[in-house]
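Notes for the one structure printed next.
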Amino acid sequence: MAVLTVDVTSEDIHYPLKIEKGLLNHLAEEIKSVYKNKKIAIVTDAHVQALYGERVVEQLEAAGYELTVIVLEPGEQSKSLENLQHIFSELIAFGLSRSDLMLALGGGVIGDLAGFAAASYLRGIAFVQIPTTLLAQVDSSVGGKVAIDLPEGKNLVGAFYHPKLVLIDPNVLETLSDSTFNDGMAEVIKYGCIHDHDFFEQLKQYQSRAEVMAEIESVIADCCTIKRDLVQSDERDTSERMLLNFGHTIGHAIEAYYRYEKYTHGQAISIGMVAMNRLTEALGISAEGSTEIIETILKQYALPTELAEAADYQKILPLIKNDKKNIENALFIVVLDAIGKSRTMAAPVDFFAPLLKGNEV
Ligand SMILES: NC(=O)c1ccc[n+]([C@@H]2O[C@H](COP(=O)([O-])OP(=O)(O)OC[C@H]3O[C@@H](n4cnc5c(N)ncnc54)[C@H](O)[C@@H]3O)[C@@H](O)[C@H]2O)c1
Ligand SMILES: O=C(O)C(=O)C[C@@H](O)[C@H](O)[C@H](O)COP(=O)(O)O
Ligand SMILES: [Zn+2]
């Protein structure tokens with residue numbers, strides 16, 4: 001088992017990320033290591049419940065826990081205020097107290113939503129993340145960003161609230177659809193872009209999902225290590241942590257513009273990374289030819305690199321004003337000087353203007 005620890009010493013927060021094939025089969029002993037009471041509320045979605053719900057419930061019941069399982073509709077639209085209210089009502093009906101536990105079993109949608117419910121229910125209860133998508137195993141379960149979406153923008157209401165434990169079992173990735181696996185690859189590729197050229201080159205060598213899966217534990221550990229280090233140096237997202245937002249300024253606007261229906265998070269940030277780098281390459285900030293290299297690797301994972309409707313670029317731009325990286329009226333963006341080397345910068349007022357012409361830079 002690979003164990004990484006997240007230490008946010010300024011907040012006295014320390015928790016392990018455990019990565020092991022088959023970890024889901026000895027779940028109860030892992031939960032026992034961080035939780036001594038009886039009641040656990042499991043939040044999951046219908047796909048994950050059908051695949052893994054019984055296995056999780058059987059083990060926890062056999063270990064003597066008293067459970068309730070809250071099952072939500074799969075998909076981004078579930079990361080909503082309505083579902084937050086629904087979860088609170090279920091927790092109250094179950095009589096979950098401040099000293100009890102919530103377990104987030106699912107992808108990034110479940111982790112973000114249940115995590116925010118845990119952060120705010122009774123002003124905060126303990127929670128454990130069991131991420132079941134590649135995206136959640138390499139990114140969303142680590143670092144304590146929890147949130148819901150609003151029609152006005154992604155993750156606009158949330159908190160920094162860390163789990164007590166993150167249990168990552170790569171075996172559960174076997175049941176992902178190709179498209180959901182590829183969503184996770186968009187964030188994996190992001191890590192190469194922002195931080196590690198060698199890692200990016202390694203990703204270029206993989207010819208298929210099976211080849212990635214053959215080395216999945218180290219791929220997950222490499223991504224979690226990059227994220228853990230950035231989170232530890234800037235938990236509240238005011239400096240280095242913002243680098244994790246490469247491609248997200250445009251990506252989040254795309255998701256919101258299409259009401260969280262047309263593009264998944266992974267697909268939207270794939271388009272966002274390419275659009276952002278194309279703009280900065282044209283300005284001479286990013287290395288010549290880097291956009292094409294990024295586009296090529298994203299296409300290897302069947303990720304979109306352009307909006308289906310080029311005219312829509314101009315329609316998504318107004319949503320960028322709601323980006324959380326903005327300071328007063330200044331837009332803050334993440335740019336690559338080269339693949340593997342990123343920084344933040346204040347964007348000039350007309351920075352996004354070329355997109356208004358339909359993505360012709
Ligand atoms: N908090 C963070 O730091 C952070 C980081 C990155 C992304 N996110 C958020 O994560 C969300 C996207 O997460 P996602 O891509 O995991 O989407 P998701 O949670 O919607 O999961 C995608 C699909 O996979 C299904 N699924 C989950 N596990 C499965 C399994 N093992 N086998 C088969 N099907 C399975 C789900 O039911 C769903 O249909 C977005 O809301 C994004 O904003 C948060
Ligand atoms: O953890 C972070 O910090 C990230 O930016 C990781 C992103 O991949 C993730 O999508 C995150 O939810 C975006 O956060 P936001 O603050 O831009 O909503
Ligand atoms: Zn993301």
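Glycine too: its Cβ is placed from the backbone N, Cα and C atoms.
Automated prediction, rather than curation, is the source of TrEMBL annotations.
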Fill in the blank from the handout: Given that TrEMBL records His248, His265 as binding Zn(2+), the matching residue among Glu187, Glu201, Glu309 is Glu187
Exercise for the section: From the candidates Lys145, Lys164, give the one listed by TrEMBL for the same NAD(+) site as Gly108, Val109, Ile110, Gly111, Asp112, Thr132, Thr133, Lys154. Expected result: Lys145
Practice task
Express the distance between the Cα positions of Ile110 (NAD(+) binding site) and His248 (Zn(2+) binding site) as a whole number of Å.
Solution key: 20
Practice task
Quick one: give me the count of other CB atoms within 10 A of the CB of Glu187 (Zn(2+) binding site).
Solution key: 24
Completion exercise
Filtered by Cβ distance under 6 Å to ligand 2, the binding-site residues Gly108, Ile110, Asp112, Thr133, His248 reduce to His248
Problem - List of residues, in chain order, with Cβ under 8 A from that of Gly108 (NAD(+) binding site) and at least 6 apart - result: Pro131, Thr133, Leu135, Ala136, Asp139, Ser140, Ser141, His265
Practice task
Of Gly108, Asp112, Thr133, His248, His265, the binding-site residues listed, which put a C-beta under 6 Å from ligand 1? Please answer none if none do.
Solution key: Gly108, Asp112, Thr133, His265
